[in-house]
């Protein structure tokens with residue numbers, strides 16, 4: 001049987017739409033792309049299991065080899081939506097131009113599975129001593145559903161994991177988490193000619209925002225990690241809306257904010273700090289404040305700095321590991337084994353019109369993955 005080429009696999013991935021979104025009109029599921037991945041890896045000799053996590057949402061686990069431990073290569077199979085008017089190319093067609101692959105998912109990150117596929121074909125597997133696993137997850141771009149489900153129900157425990165997000169082939173050993181909430185203040189509307197007729201939600205929100213800015217200062221003062229370019233947690237007040245007319249007492253005001261906690265800050269601890277910051281406002285205005293999560297919180301992540309896995313991958317890549325401020329599935333997979341984030345392409349291309357991957361990454365990525373497979377499986 002003739003196996004598909006690297007280019008054919010890449011084209012097949014990009015042409016198979018797998019958008020995930022919190023907007024139901026965009027959300028598609030990933031069944032079709034998982035079906036293709038399962039078929040390709042079966043043809044390579046992997047045993048493959050497809051798990052339906054939710055209707056239309058699937059994970060794929062492929063395994064080559066027997067025994068314990070081994071290496072897990074992981075990534076998400078979904079993409080973000082796209083703004084067609086801002087693209088110069090068809091997002092669902094792999095376009096080659098100016099030594100680049102253009103298309104939705106070329107860098108972030110369906111294309112990574114084509115690199116795994118090609119690297120596997122170059123290995124002499126007769127010398128294999130430990131298993132190689134490939135994990136393709138669902139809904140990374142929205143809820144991290146696939147990674148959460150896999151971690152909670154993992155059928156094996158690898159020695160190490162590499163997640164192929166676009167890092168320009170620089171190993172990433174840590175990143176901040178992400179917590180995003182809405183604070184809704186419910187007042188009582190009324191005619192502005194008599195303030196006593198109502199309770200102004202904007203005025204209460206003013207007190208909330210003062211408390212949140214005090215919390216921001218506390219986070220900066222109490223937490224510091226020298227391994228990050230921005231060494232403290234960040235708290236951003238990102239969106240606010242309240243009221244509907246200048247001559248009405250505002251009956252409702254809502255503030256959206258996010259926090260990017262450092263590794264080591266527990267989500268429960270952060271929640272307690274938030275509640276503590278708002279305690280006085282809530283006591284003054286009982287029943288008028290509500291905190292609503294905008295998505296499931298993601299903790300910070302860090303692979304132990306002196307772990308041999310970091311040194312081994314740094315040697316393969318011939319570059320030092322770093323930390324970043326964006327989020328991946330690493331906090332969940334790190335619960336199973338030491339995990340690094342390492343993949344082709346630049347994070348600057350993620351979620352952008354005319355997303356692309358430079359041809360300069362093709363041979364080095366296949367080489368890095370091949371060497372990792374040999375080092376940790378053979």
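Note: Cβ is positioned from N, Cα and C throughout, glycine not excepted.
In sequence order, 18, 19, 20, 30, 137, 138, 139, 140, 141, 142 constitute the residues six or more apart from residue 78 (active site) in its chain with CB-CB distances below 8 Å. The active site annotation in Swiss-Prot covers 78 (among others).
The active site annotation in Swiss-Prot covers 140 (among others), and the record cites sequence analysis as its basis.
The annotation Zn(2+) 1 binding site is assigned in Swiss-Prot to 76, 108, 165 on the grounds of sequence analysis. Reduced to three states, the DSSP call for residue 76 (Zn(2+) 1 binding site) is strand. Sequence-distant neighbours of residue 76 (Zn(2+) 1 binding site) (same chain, six or more apart, CB under 8 Å from its CB) are 109, 136, 137, 138, 139, 140, 141, 146, 147, 329, listed in sequence order.
Residue 141 (Zn(2+) 2 binding site) falls within neither a helix nor a strand when secondary structure is assigned with DSSP, and so counts as coil. The Zn(2+) 2 binding site annotation in Swiss-Prot covers 108, 141, 351 and rests on sequence analysis.
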**Fill in**
By a 10 Å Cβ neighbour count, the lowest-scoring of the binding-site residues 108, 141, 165 is 141
**Asked** Which number gives the other C-beta atoms within 10 angstroms of the C-beta of residue 351 (Zn(2+) 2 binding site), all protein chains shown included?
**Response** 15
